[in-house]
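Below is one structure, written out as structure tokens; the observations come after it.
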Amino acid sequence: MSHEGEEDLLEYSDNEQEIQIDASKAAEAGETGAATSATEGDNNNNTAAGDKKGSYVGIHSTGFKDFLLKPELSRAIIDCGFEHPSEVQQHTIPQSIHGTDVLCQAKSGLGKTAVFVLSTLQQLDPVPGEVAVVVICNARELAYQIRNEYLRFSKYMPDVKTAVFYGGTPISKDAELLKNKDTAPHIVVATPGRLKALVREKYIDLSHVKNFVIDECDKVLEELDMRRDVQEIFRATPRDKQVMMFSATLSQEIRPICRRFLQNPLEIFVDDEAKLTLHGLQQYYIKLEEREKNRKLAQLLDDLEFNQVIIFVKSTTRANELTKLLNASNFPAITVHGHMKQEERIARYKAFKDFEKRICVSTDVFGRGIDIERINLAINYDLTNEADQYLHRVGRAGRFGTKGLAISFVSSKEDEEVLAKIQERFDVKIAEFPEEGIDPSTYLNN
């Protein structure tokens, strides 16, 4: 249970239970489980963490039924066709459902979202007009997606209300929803800026919060302004509550900052940061001149087999221009970036998720946490500047342990340096894309 989120808080690094999960086992789990955010993976009772400090887990589960969840949750899980928890879920849920603080770092696609969704719903005893669960994330689309996960798993819990709040929309609408006891949510998913504004204006009462979750916590807490927003929100909640933090990447520098919000946390890390690359994802690069990118992209879209593709560029201007070019070249595409109006962003995100378009051009607004199951091709039209961001980008393809393909354009000396850093950081060999192409069976699921 956690207390304050102040800068000068003690770090509880001497007390946490730390579980190091073998990355290869986690990947195998992801491959054998159902293709969804709640169920990657088969169980492995012989955890690699057995000899590590505080690595005991009270319950070893072979299926979701062994978590002894509420019947309503179990029904929803069965409806989704889920049977076996992923390695991360297996090690985390038995303690998180009992209120243990959690700091979890595991690669994209291993079902971290389901950990806090199921854990908080399991503990929730809804009281009309009282917010019991707060989930904070850095992106509006991610907030929308998390809200949908709550709706999916609470389908047999009709008394549970969930709402999502983010900037770019009239705060008066949020205030109206919160004021009415018939519509006031028990679960709030929000971006930090909007939730801070609701707290400051006293539109929302967080004095009954029992669970406080930060998704993509490294991104939320590494930016000072966002961290201050989170601290202000944190101080508006009770001292006695559960705090859970999740991310695909957690640097050594950000972990002490996370721990300031936690007390006696269970810590879940993959055993080796170098193994964070995605199992089942084929990764290649293509060396070319900047002026050759458009022609090569068109060739790839013609030659490759894919369900949906996401193309990453470095600016909103380039996103708009490339989308125009693709549409003019008979490649129906949609673009999503941070400079468009919020309603438009959400509408386009939904359109892409609903398979109305197969091609999406985006900036890094789609680079973290967004789960669209049909994406099996990611193209870095402009290579990112950071190795960790590369992981988040290409993680949009090959989600949940399924196969996928990632191709990066390398057009400058800077790109070559970044590519070298990526390979060193993740201990992976990214090969040059063969001139003759590749066998679709290597990146397409049966």
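Start at 1 and count along the chain as shown; that gives each residue its number.
Glycine is treated like the rest: Cβ placed from N, Cα and C.
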Which range is it, out of 62-90, 323-351, that shows up in Swiss-Prot as motif 'Q motif'?
62-90
Select, from Thr169, Thr237, the one residue given the annotation phosphothreonine by Swiss-Prot.
Thr169
If you check Swiss-Prot for phosphoserine, which of Ser13, Ser172 comes up?
Ser13
For which of Ser37, Ser55 does Swiss-Prot record the feature phosphoserine?
Ser37
Match it up for me: which of 127-130, 139-142, 215-218, 251-254 does Swiss-Prot list as motif 'DECD box'?
215-218
Rounded to an integer, what is the Cα-Cα distance in Å between Lys107 (ATP binding site) and Thr169 (phosphothreonine)?
32
Looking only at C-alpha atoms, tell me how far Thr113 (ATP binding site) is from Thr169 (phosphothreonine), rounded to the nearest Å.
25
May I have the DSSP-based helix, strand and coil counts for the residues of the motif 'Q motif' (62-90)?
17 helix, 0 strand, 12 coil
When DSSP states are folded down to helix, strand and coil, where does Gly111 (ATP binding site) land?
coil
Including all protein chains shown, what's the count of other C-beta atoms within 10 A of the C-beta of Gly111 (ATP binding site)?
30
Using other CB atoms within 10 angstroms as the count, which residue among the recorded positions Thr113, Thr169 scores least?
Thr169
Considering the binding-site residues Ala106, Leu110, which residue's Cβ sits among the greatest number of other Cβ atoms within 10 Å?
Leu110
